[in-house]
Amino acid sequence: QKLCQRPSGTWSGVCGNNNACRNQCINLEKARHGSCNYVFPAHKCICYFPC
């Protein structure tokens, strides 16, 4: 199943913790996965959802 990226709607500020970002995406936003990705000009928490 293809996953599409979407910036986290509940994360604020710079993303410096992959585990915290992933947990927040999964628990709060019902995403499949999450990670800190560099999106100019800073790292952001990106959630991955089924497309």
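Just so you know, glycine gets a Cβ as well, placed from its N, Cα and C.
Of the listed cysteines CYS47, CYS51, Swiss-Prot assigns the disulfide bond with CYS25 to CYS47. Residue with Swiss-Prot feature phosphoserine, selected from SER8, SER12: SER8. Recorded residues CYS36 (disulfide bond) and CYS4 (disulfide bond) have their alpha carbons 15 Å apart, per Cα-Cα distance. Considering only the recorded positions GLN1, CYS21, CYS25, CYS45, the residues lying within 10 A of CYS51 (disulfide bond) on a C-alpha to C-alpha basis are GLN1. Using a 10 angstroms CA-CA radius around CYS25 (disulfide bond), the recorded positions that qualify from GLN1, CYS4, CYS15, CYS45 are CYS45. Counted over every protein chain shown, other Cβ atoms within 10 Å are most numerous around CYS47 among the disulfide-bonded residues CYS21, CYS47. Cβ neighbour count for CYS45 (disulfide bond): 27 (other Cβ atoms within 10 Å of its Cβ, all protein chains included).
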